[in-house]
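Undergrad: The following block contains the structure, expressed as structure tokens.
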Amino acid sequence: MSTIAVVPGSFDPVTLGHLDVIGRAAGIFDEVHVLVVHNPDKSALLPIAQRVSLIQQAIVDGGLPGNIIVTSWSVGLLVDYCVEVGAKVLVKGIRSQVDVAYETPMAIVNRNLSGVETVFLLPDPGHAHVSSSLVRQVAGLGGDVSPYVPPVVAEFLQSPR
Ligand code: PNS
């Protein structure tokens, strides 16, 4: 039986750290679903469909494996999506102890809700300081985000909209 893993997040926008984790997950699990989810605690920069499209392009440009699909979910719980597609695993990237503290309660609640387990993966330490919120801030103030995001995202953020 093939194992489906879901890599959820806001991805607003996708960063090199996210891509690193997505690639690692794709090397472990048979099928990886990158799931763009609205986070009500954050004010969004990009529409969900735009985030999906940028991730898809970054995956192709980055030569990531073909067992990755990118989609979004806006109805109900994250684990409802997992149950619907038969995914037994959520994958989260952990940059620091701060991420462990943030992710652990969600992992326990998601398991209690559905039985879906959460696996924490460590990105390359070179990405430890990269976050979508920093990218949004730097881009919003006209700074260069190209060290932190895939080229397609840097081009998109730096082009007039
Ligand atoms: O990239 P982010 O913003 O840290 O991702 C957080 C996200 C979207 C994964 C989180 O907000 C989430 O799981 N949202 C889905 C809502 C849900 O199911 N909540 C209950 C379980 S914690």
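Just so it is clear, glycine is given a Cβ too, placed from its N, Cα and C backbone atoms.
Heads up, TrEMBL stuff is auto-annotated, nobody curated it.
On a predicted model such as this, the values are computed, not experimentally measured, just so you know.
Look at TrEMBL and you will find Ser10, Phe11, His18, Gly93, Ile94, Arg95, Glu103, His127, Ala128, His129, Val130, Ser131, Ser132, Ser133 tagged as ATP binding site. Among the features that TrEMBL reports, substrate binding site is placed at Ser10, Lys42, Leu78, Lys92. Among the features that TrEMBL reports, domain 'Cytidyltransferase-like' is placed at 7-137. The feature site 'Transition state stabilizer' is assigned by TrEMBL to His18.
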Undergrad: Using a 6 Å cut-off on Cβ distance, which of the binding-site residues His18, Lys92, Ile94, Glu103, Ala128 come close to any atom of ligand 1?
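TA: None, by Cβ distance under 6 Å.
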Undergrad: Sort the binding-site residues Lys42, Leu78, Lys92 by C-alpha distance from Ala128 (ATP binding site) and give me just the closest.
TA: Lys92
Undergrad: Taking the Cβ of Ser10 (ATP binding site) as the reference point, list residues of the same chain whose Cβ is under 8 angstroms away and which are at least six residues distant in sequence.
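TA: For Ser10 (ATP binding site), the qualifying residues are Val36, Val37, His38, Asn39, Lys42, Ala44, Arg51, Ser132.
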Undergrad: Going by DSSP, is Lys42 (substrate binding site) part of a helix, a strand, or coil?
TA: coil
Undergrad: In the structure shown, which of the binding-site residues His18, Lys42, Lys92 has the fewest other Cβ atoms within 10 Å?
TA: Lys42
Undergrad: To the nearest whole angstrom, what is the C-alpha distance linking Ile94 (ATP binding site) and Leu78 (substrate binding site)?
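TA: On Cα coordinates alone, these residues lie 19 Å apart.
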Undergrad: Hey, which of the binding-site residues Leu78, Ile94, Ala128, Val130 is the loneliest by Cβ count within 10 Å?
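TA: With the binding-site residues Leu78, Ile94, Ala128, Val130, fewest surrounding Cβ atoms within 10 Å: Ala128.
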Undergrad: Under DSSP, the domain 'Cytidyltransferase-like' (7-137) has how many residues in helix, strand and coil?
TA: 62 helix, 26 strand, 43 coil
